[in-house]
Every structure is written in structure tokens, then in C-alpha cells.
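Q: Positions annotated as [4Fe-4S] cluster 1 binding site by Swiss-Prot: C44, C52. Taken from Swiss-Prot, the feature [4Fe-4S] cluster 2 binding site applies to C53, C56, C61, C75. What Swiss-Prot lists as [Ni-4Fe-5S] cluster binding site is H266, C302, C340, C448, C478, C519.
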Amino acid sequence: MGCKMKQTAFEKSIDPASQKMLEKAENEGIETAWDRYEKQLPQCSFGQLGICCRNCNMGPCRIDPFGEGAEKGICGATADIIVARNLLRMIAAGAAAHSDHARDAVLTFKKMTEGEAGSYGIKDKTKLFSLASEYGISLEGKSHEEVAGELASALLAEFGKQEGPIQYTRRAPEARLRLWTSLGIEPRGVDREIVECMHRTHIGVDNDATHILLHGLRTSLSDGWGGSMIATEIQDVLFGTPEPKKSTVNLGVLSHDKVNVIIHGHEPILSEMIVQAAEDPELLELAKEKGAAGINVAGICCTGNETLMRHGTPIAGNFLQQELAVVTGAVEAMIVDVQCIMPALGNLTGCYHTKFISTSPKADFPGTVRMEFHEERAYDTAREIVRTAVENFPNRNIEKVNIPEEKQECMVGFSAEAILKALGGSPAPLIDAIAGGAVKGIGAVVGCNNVKVQHNYGHVNLVKELIKNNVLVVTTGCNAIACAEAGLLVPEAAAQAGDGLKGVCEALGIPPVLHMGSCVDISRILVLASAIAKSLGVDISDLPAAGAAPEWMSEKAVSIGAYVVSSGVFTVLGTVPPVLGSQAVTALLTKGLDNVIGASFAVEPDPFKAANLMLEHIEGKRKALGLN
């Protein structure tokens, strides 16, 4: 096997700001994720194929993919069983991450209603009452706090339910609900499905690949229509439902003369308070005393998306830019909560003056300053954290500072409510545009970054190809940040769209790519798709719509992909999931699910070919609806 040549900065990322910081890191002898990836090569083939099992201590067992060695594990598990079990455990972990996020949001909401979290309040009373009505909670003669208390109890009950249904699944079209029920995959309770995943994958329990994967779909639905949707909705009540606004993105948002505070992770419970604390007059005065012109908060990953959507707080970058933000030498504090935070940040921040501050009771990292965050004294803790950053400003080493000039304007804040409002209150104008052919369909492009592929290349080129062919794109997470950095989240980007989509965007004053939020906010896409399907009297699987995750890497993305497909949306993955060790599992995911759930996966690393797969699917659905 030949040696892999060391990648250049250009080969690692298409983003100019990232390329500059990668070169700076190399010149300074700083290790990044790309360096660690190269040291891992060649990666374990058994792991890549999904045919390694270590679920009991008789193993680990490996299946020979060429049929020349072991065909079964010690217990008799075949490649099909092992691959399916491993995939189910990935779905369980992803669903748990989203759903635990939701649980914390609801618990904060509950504490607020009980007067134990005074830093928080109700920002969207309209949504509060709407959600309460969905749960059959009477509003008559009750205060906002009383209604909120009953809603908090109802939402918490979704996690521990044993028989279901999860209330938000009622938002799906009737045809989809009937299908889930007939297949036995309607989720019963958020926690129950995740626990059952772990039970089923214990030695000697579920050993039929199809049966295992059907429970994977059920568990993912408890995420998409349960945990993630609960998180989105209750965060809107607490912090406000996003509306369109402008902001800026990329590493160039960092300031030369202000205290730079990075918020990184996924839970806005913390980041909302950090944004407020950064405007505290006492802390701003302290910043001046320390020689700074002010306090600049910028986001990384989804907690950044949350504050971007609601406050216009700038975004410094997506997942693979977290290290590069520190490499600028200009970050006083990297404040983290949970999910997608590299433990490598501990060593990295030690090379600069940056304080690496961990805050979550359930997540700590090497090399952190521990400042545990609790809702009961949320704002006070946030002030202490920001104060730590401000007091660190004089320690900045000017000789190490190099902030790329690249930053890009963007328009964000397209919640489902904001989109419907822009359309005049109903999806009818969008449906008319689709029926008339000006808009061919909708593409939902989401997901992570992955060092196995060039940073942002898949995200940006796939989306450009879709809008060029008159597909309106909705986006969340790290894809949204990639598109923003590429200038696709401004109305002027309509110039890159096909004539039909361009005309629609110009008429509405919107970009051809709509930023709908963080990863849990993919639930907003489900709500929008359901609204369109119900207006047409069809199932989601009948819509001219397709999904993609060009650079996915996390277990959360596996759960997302599963619930999107289970909801009826054909989805293209840009990096290969660990399933190729089983022909049966691969065939079920890429073909067989069409006959079961009305949608399936495809795997295509080339973003242009992936776009063609999505366009072909959209055209097929248009034809079936008689729209061609």
C-alpha cells in the first residue's frame, strides 16, 4: 500500500480563512484534526465495514469480508446481525444526544415556571399557547406561568411514556401515521426506545437484521418527532421564535481590539446568558479598563446557530473550524457545553492564552477551567465566565495574533413560522411556485464536517448545484454555516439560482438557501414538510423533496438520517456509513426501505452526482403528482 501524501491547506478546506489558519498552525507546529487523521491512516477496515463486534467479552469478533476467514462471531452472529446491531447503537447514541438536550431545555423551562430559574422567561407567548393547545391544556382563567407549568409537565412526560403516542407525531400527515402504525414503528416514548436499543443489542437478544433496523427507525422517530422537536419548540418559547435578520460569519468576525468570547456546543440555555452577560455595563467597563474596546461574542457549531438565529450573534465557523478559531491567537475564552467539542482543544488552548472553559455537569475535557453552569444562577454564572474572559485580554500575545479578513454577510432566522409568514400565512404560494415549475422542489441539506473529505466542498457544491436547477434549499447545522461562508445565505445569491427560483427569491427578498437553525431544528423542516403535504392532501413521501448530509460524521447524524427517511424523504449521504460489510443491510437501506417506508438512502461522495440523484428523485415525484 502506497503512502498518502500530506495534504496542503487548500486540499483540506475550500474556505480561504481556514486555509490561512491551517498554514499558520503548520508554521507554528500546532496539530489539528487533519494531522491526527493522517496519523490514523490506514483506518481499520473492519470498523469501516461495520463488521467488528465487541458487545460481549468472548470477543471482540471480526467477520472476514472476503469469505476466507470467520463468517460468524463466537455466538454465531453473522455480518448482517453485527452491522445492524452496530448501526442501531449509533442511532441510540444520536437520539440520546438530541433528547437529553431537549430534557435539559424542558427542565429549565419547568424551573422557570416554579420560580427557580429567574434568569429565564417566556419570550414567545403565542407559541406557548399554541403548544399548550396541542396538549389539550385549557387556557381559560390561567396565567402564563400556570399554562407553562402544565406544558412543562406534559413535555417531561414524553420522555418516560411507555405506550405513546408522542404528541408531536400527530403533526405528521395521516398517511404517514398509518404507515408507522402498520409497521409497528410509531414511537412510544423517547427514553423507552433508546433503552430498548441497548437491550436489543445485548448478546442473545435481537438477532434479525431487518427487525433490528426497524427498531432503529422507531428510535429515530422518537428523536425527530420527539426529542429534537421538543427542544426546538420549548427553546422558541424560552428565547423567541427566530425571524429573518442579518449577521456575519467566518473567522474574520473575531476582533483585533475587543475581548473575543467563543460559545461552542449545542445548548442555548448557556449561550443565551453569555450573550446577555457580554452586554453587561459593568463587564463592558471592565473590558475598557483591561484595554479592550468591548466584548465580542461569536459562535461555533449549533449553539452558535441558536444565538445567530435569535440575536444575529456572528458565527466564527463550523465543526472543523473550532481549532482554527483558537489558532488565530485572538480568542480569550472558548466556552463549551456539550456535543461536537474536540478534547484536543485542551492541549491547543495551552499553546495560546485562550481559556478553555467547560460548563456542563455531564461534560468535561482535559485542560479546562471548570465553571459549572446551573440554571438556578444562570446569569450570575454567565457573568463570572465572561469576566474570566475579559480579565484574560491583557494576556493576548500580539505576535501570535493573525485574524483572517474573510467574513461574509448572511440572512438567517427562517423558522417554519417565519417562512410561512413570508408566504402570507400558508404554504400555498410555495406550492403554486412548485406546481408552476418556477421552483422544482425542496432540498434539505444538513449535517457535519468530516476530515475524510475537503472541508465545506461537499456542502457548498451540492447546494450550488441544487439552486442552479431551481430547487429551494433549506439548511441547518454545519451545512448552514458552510453555505453562509460561501455567500449563499444572502438575497443576492439568487443570481446563482435558476431563473424560476431566482424570480421567487427576488419577489420575496429571500436567499435561495434558507437557514432554519441548529441540528435539533431539522424538526422545523419536518413541520414545514408536513404543512405542505397536508395542504396537498398527500404524504411527505409524495413531495418533490430530497435530503442530503454531504459531510456527516456524528452519531446524531445517523439518527437524523434515519428519521428523515422514516418520515418519507429520500436522503443522500456524502460519507460512507459503516454498513458495507453486510450486503443485506446495505440493500435494505438503499433499496428495500422504499417498499417499506416510502424512502431510502443513497451514498454518493461526489456532490455533483449527489445533486443529480436528488434532482432525479424530485423530477420523479413531480411526474407522479402530475406537475410536469
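Cβ atoms here come from the backbone N, Cα and C positions, even for glycine.
Note that the structure is predicted; figures quoted are calculated from it, not measured.
Help me picture these features in the structure, burial and contacts included.
A: Reduced to three states, the DSSP call for C52 ([4Fe-4S] cluster 1 binding site) is strand. In the structure as shown, the Cβ atom of C52 ([4Fe-4S] cluster 1 binding site) sits within 10 Å of 21 other Cβ atoms.
The C-beta environment of C53 ([4Fe-4S] cluster 2 binding site), restricted to residues of the same chain at least 6 apart in sequence and closer than 8 Å, consists of G59, P60, C61, R62, G73, A77, I82, R85, N86.
Secondary structure at C478 ([Ni-4Fe-5S] cluster binding site), as computed by DSSP, is helix. For C478 ([Ni-4Fe-5S] cluster binding site), applying a Cβ distance below 8 Å and a minimum sequence separation of six or more within one chain yields C301, N318, F319, G447, C448, N449, H459, E551.
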Q: On the three-state reduction of DSSP, what should I expect for C519 ([Ni-4Fe-5S] cluster binding site)?
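A: Looking at the DSSP assignment, C519 ([Ni-4Fe-5S] cluster binding site) belongs to neither helix nor strand, so coil.
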Q: Using Cβ-Cβ distances, find the residues under 8 Å from H266 ([Ni-4Fe-5S] cluster binding site) that belong to the same chain and are at least 6 apart in sequence, listing them in sequence order.
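A: The answer is H101, C301, C302, T303, E306, D337, V338, Q339, C340, S518, C519, V520.
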Q: Do me a favour and check the Cα-Cα span between C44 ([4Fe-4S] cluster 1 binding site) and C56 ([4Fe-4S] cluster 2 binding site); whole Å is fine.
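A: Cα-Cα, rounded: 20 Å.
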Q: Could you state the CA-to-CA distance between C75 ([4Fe-4S] cluster 2 binding site) and C52 ([4Fe-4S] cluster 1 binding site) to the nearest Å?
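A: Answer for this pair: 13 Å between alpha carbons.
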Q: Going by DSSP, is C448 ([Ni-4Fe-5S] cluster binding site) sitting in a helix, a strand, or coil?
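A: Where C448 ([Ni-4Fe-5S] cluster binding site) sits, the three-state DSSP reduction gives coil.
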Q: These are the binding-site residues: C61, C75, C340, C448, C519. Which one scores highest on other Cβ atoms within 10 Å?
A: C519
